[in-house]
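S.K.: Got a structure for you, written out below as structure tokens; questions coming shortly.
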């Protein structure tokens with residue numbers, strides 16, 4: 001199976017290095033970042049591409065652009081792992097549309113296009129008889145989309161709720177453990193590389209809300225968008241609030257929840273007993289799915305990280321290879 | 001609760017069985033003998049501890065077995081929920097916030113723990129609200145949400161036990 005990869009940031013490098021290391025029978029015919037690209041229909045030397053990227057910051061020839069690879073490249077699956085833009089979804093949105101229209105499967109880690117245009121993109125994929133898979137958009141290494149689409153197939157999903165943002169979870173863990181103020185914990189999260197220079201996206205709950213939108217659309221295909229989410233972040237929490245919760249043997253976590261029966265789509269800091277299955281530490285994610293037949297299922301795992309997110313991307317790739325490309 | 005059971009062997013045990021089946025913990029059983037009744041029934045007072053959301057099921061189960069429930073005690077459905085409020089709690093009239101719950105008649109604030117780190121800084125308080133049943137508790141929470149919105153306070157609610 002031939003694959004083209006757009007984006008060579010943390011996730012892209014994770015995917016490329018794992019594909020280089022593991023013999024999965026996947027041939028990478030094109031790779032591009034924002035500054036250039038490399039193409040070879042016979043297959044690229046992945047280790048060489050990674051070395052060049054590490055040494056020069058470029059992944060290849062500046063005259064080869066990502067869009068050239070998307071439009072003209074020889075591939076079965078486009079792996080789209082560029083940074084997300086939640087306002088427009090671009091340039092990923094155009095790349096995904098183009099690939100799907102060319103009857104190419106797409107695997108993406110990009111939340112923007114999925115949260116903004118879920119219904120349109122899934123229709124486009126169906127029209128062209130190809131797969132659009134996006135496991136890496138929600139909860140990193142946790143196979144939550146696969147679980148919802150296949151593992152729990154036939155179940156009625158009554159609710160999904162969980163900790164979907166590792167940065168917020170790290171900040172809250174540190175505030176509860178060490179009595180740090182919000183600002184101190186945020187500064188520490190930045191030092192550790194968990195929080196961006198502008199942490200708004202994470203701490204205001206927007207990242208969690210985007211993931212909720214994707215989860216809700218995955219299950220109910222109801223075309224909801226970010227505007228439908230009632231969203232409160234963690235930036236106004238105080239160290240004293242964590243202490244007060246602690247006095248009740250509880251703690252505070254940022255919870256995203258979708259409960260269709262109550263038309264509820266909410267991100268908010270919540271009080272949970274310390275022994276609650278969702279109370280995970282540091283940057284871990286945890287998500288509970290409540291269904292009619294299987295009851296409640298909670299999955300815990302790493303929500304981010306280069307190789308962890310690559311795990312989700314590669315899982316999607318192999319799913320496509322096994323179920324949709326083999327024997328074509 | 002006070003229940004009426006047939007005065008026949010095995011009836012009391014049969015009446016108590018649904019309580020344990022519903023996950024209730026029987027704390028005391030007081031067998032009342034009222035000679036004036038002269039009926040073929042006995043009045044039994046049962047003190048039990050049962051999760052609030054299972055009470056309706058228990059009532060149904062008892063009724064379907066022919067047990068009459070004469071009275072449910074005052075402690076029935078008395079539930080508590082603690083929330084945390086963050087913001088300028090005193091400057092936005094904390095007693096008014098509390099009053100809005102208390103004046104409902106079905107819910108009240110029974111406990112407040114508050115920390116005020118500095119005059120200009122936001123304070124944090126743990127408020128425990130008591131209500132007569134789940135619907136009333138939800139109404140009390142709605143009042144708190146509205147007050148928090150109006151007064152620009154952050155309300156942190158507990159994760160619900162069951163969905």
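Going from the start of the chain as shown, residues are counted 1 onward.
From the backbone N, Cα and C atoms, a Cβ is placed for every residue, glycine too.
TrEMBL lists A:211 with the feature active site, proton donor. What TrEMBL records for A:7, A:8, A:9, A:10, A:11, A:12 is NADP(+) binding site. Annotation comment: TrEMBL describes A:111 as NADPH binding site. The feature L-homoserine binding site is assigned by TrEMBL to A:196. Taken from TrEMBL, the feature domain 'Aspartate/homoserine dehydrogenase NAD-binding' applies to A:7-135. Look at TrEMBL and you will find A:143-318 tagged as domain 'Homoserine dehydrogenase catalytic'.
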S.K.: Around the NADP(+) site formed by A:7, A:8, A:9, A:10, A:11, A:12, which additional residues qualify by having Cβ within 8 Å of the site's Cβ center?
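M.R.: In sequence order, the nearby non-listed residues are A:13, A:14, A:15, A:33, A:81, A:82, A:306.
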S.K.: I'd like to confirm something. Which of the recorded positions, A:111, A:196, A:211, has a Cα closest to the Cα of residue A:12 (NADP(+) binding site)?
M.R.: A:111
S.K.: Fewest other Cβ atoms within 10 Å: which of the binding-site residues A:7, A:9, A:12 wins that one? Let me know.
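M.R.: Counting other Cβ atoms within 10 Å of each of the binding-site residues A:7, A:9, A:12 gives the minimum at A:9.
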S.K.: Using DSSP with the three-state reduction, classify residue A:7 (NADP(+) binding site) as helix, strand or coil.
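M.R.: Going by the DSSP assignment, residue A:7 (NADP(+) binding site) belongs to neither helix nor strand, so it counts as coil.
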S.K.: Please name which of the recorded positions listed here, A:111, A:196, A:211, is nearest in space to residue A:11 (NADP(+) binding site), Cα against Cα.
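M.R.: Ranked by Cα distance from residue A:11 (NADP(+) binding site), first place goes to A:111.
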S.K.: If you measure C-alpha to C-alpha, which of A:7, A:8, A:9, A:10, A:196 (binding-site residues) come within 10 angstroms of the residue listed as 'active site, proton donor'?
M.R.: none
S.K.: Would you report the average pLDDT that the model assigns to the domain 'Aspartate/homoserine dehydrogenase NAD-binding' (A:7-135)?
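M.R.: In the predicted model, the domain 'Aspartate/homoserine dehydrogenase NAD-binding' (A:7-135) has a mean pLDDT of 95.
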S.K.: What is the total of other Cβ atoms whose distance to the Cβ of residue A:10 (NADP(+) binding site) is within 10 Å?
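M.R.: The answer is 17.
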S.K.: Between residue A:9 (NADP(+) binding site) and the residue listed as 'NADPH binding site', how many Å separate their Cα atoms?
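M.R.: Rounded to a whole number, the Cα-Cα distance is 15 Å.
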S.K.: Specify the secondary structure state of residue A:12 (NADP(+) binding site) as given by DSSP, simplified to three classes.
M.R.: helix
S.K.: Using C-alpha atoms only, work out the spacing between residue A:10 (NADP(+) binding site) and the residue listed as 'L-homoserine binding site' and round it to an integer in Å.
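M.R.: The Cα atom of residue A:10 (NADP(+) binding site) is 14 Å away from the Cα atom of the residue listed as 'L-homoserine binding site'.
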